[in-house]
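Asker: For reference, the structure I am asking about is given below.
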Amino acid sequence: MTTPTPPVLLRTAGELHARVRRGRRAVVMTMGALHEGHATLIRTARDIAGPDGEVVVTVFVNPLQFGAGEDLDRYPRTLDADLEIAGRAGADAVFAPAVDEVYPGGEPQVRVTAGPMGGRLEGASRPGHFDGMLTVVAKLLHLTRPDLALYGQKDAQQLALIRRMVRDLNFGVEIVGVPTVREEDGLALSSRNRYLSTAERRTALALSQALFAGLDRHAAQEALCARAREVPATQARAEALSALGESRAAADAHAVATSAPGSATAVRDAARLVLDDAARATPPLELDYLALVDPSDFTEIGDDHTGEAVLAVAARVGATRLIDNVHLTFGPLGAAS
């Protein structure tokens, strides 16, 4: 087994620009504290760029993304470990600039604004967060000059906003979304997971469990729609309900039985039941939001929605704030998606 070549550590824009370009350049932007989710992004970038291309990982804890009372000073900084993980995953270079390298004139007076989508969900909970995120992404795209940039789907709203910025401002870079990586028990990988105590981690599992409950509800409803074309509706509903399992509470089952096929309300309700239980746990889960939204603009969808949707959740467990989401597709009434 060959030992991977350590990535070149670059600290300044001059060092980055002095590198001779070869093939396609793929960039993976991180705030450090790398984990398997980041490694998956880097490996995917390596596969897309190919052996003749170049993979650059950025490590920069962006102060503009942290609001008052958030965890900027607490955010883990583990550059030596990051270099090792990035190298094993196939990175050629790691660009880890200081704050004054990215913002040489101090806090920038001109910023990218996230628009209406940036004020919803995460933006409502963290005012200014997405303006700061888009500003640093724009700067890093200019500095790294990639052909493509990869981002995790766990940060679904961030990914949607980056795609919108790249389109609206003609950046000429391909944006690639990579599916969320999870622990065996379903918890989405996050650099902030290391803050959780054993008890807090047990409570935090409710985020993914709630999303999976929503997916189960959605699958049952879509199966009901498909079967409705072939058998009486009453029989189809009974079969769909059985797919949810006998462990569901009676009230939970009743919600499916009385909701319209493809009902967004029923999907939300199934997820909320899990979160309500977690709110009574020790330690409790403090829900920030649960939303079922259109991925094009992150507005809430209604029961008549067809097409793609994102079921998203954010909550605090102890001092740690976590987010997660899943994607699903609603078919038209009476038809499978």
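Cβ atoms are placed via backbone N, Cα and C, with glycine included.
In case it's useful when we look at the structure, here is the feature table from Swiss-Prot:
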BINDING   31-38, 152-155, VAL181, 189-192  ATP binding site
ACT_SITE  HIS38  active site, proton donor
BINDING   GLN65, GLN158  (R)-pantoate binding site
BINDING   GLN65  beta-alanine binding site
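In the displayed structure, how are the listed features positioned relative to their neighbours?
Answerer: Annotation note: GLY37 (ATP binding site) sits in a helical segment as assigned by DSSP. Cβ environment of GLY37 (ATP binding site): GLY152, LYS154, THR180, VAL181, ALA188, LEU189, SER190 lie under 8 Å away, each six or more residues apart in the same chain.
Of all the Cβ atoms in the protein chains shown, 27 others lie within 10 Å of the Cβ of HIS38 (active site, proton donor).
Following the DSSP three-state reduction, the secondary structure of GLN158 ((R)-pantoate binding site) is helix.
Every protein chain considered, the tally of other Cβ atoms within 10 Å of the Cβ of GLN65 ((R)-pantoate binding site) stands at 21.
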Asker: With every protein chain in view, what's the tally of Cβ atoms within 10 Å of the Cβ of VAL181 (ATP binding site), excluding that atom itself?
Answerer: 18
Asker: List every residue in the same chain as GLN158 ((R)-pantoate binding site), at least 6 positions away in sequence, whose Cβ is under 8 Å from its Cβ.
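Answerer: When sequence neighbours closer than 6 are ignored, GLN158 ((R)-pantoate binding site) has GLU122, PHE130, MET133, TYR151 within Cβ distance under 8 Å.
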Asker: On a count of neighbouring CB atoms within 10 A, which of the binding-site residues MET31, LEU34 is highest?
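Answerer: Of the binding-site residues MET31, LEU34, the most buried by Cβ count within 10 Å is LEU34.
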Asker: Under DSSP, is SER191 (ATP binding site) helix, strand or coil?
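Answerer: For SER191 (ATP binding site) - judged by DSSP and reduced to three states - the answer is helix.
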Asker: Would you mind reading off the Cα separation of SER191 (ATP binding site) from HIS38 (active site, proton donor), to the nearest angstrom?
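Answerer: Per the Cα atoms, SER191 (ATP binding site) and HIS38 (active site, proton donor) stand 10 Å apart.
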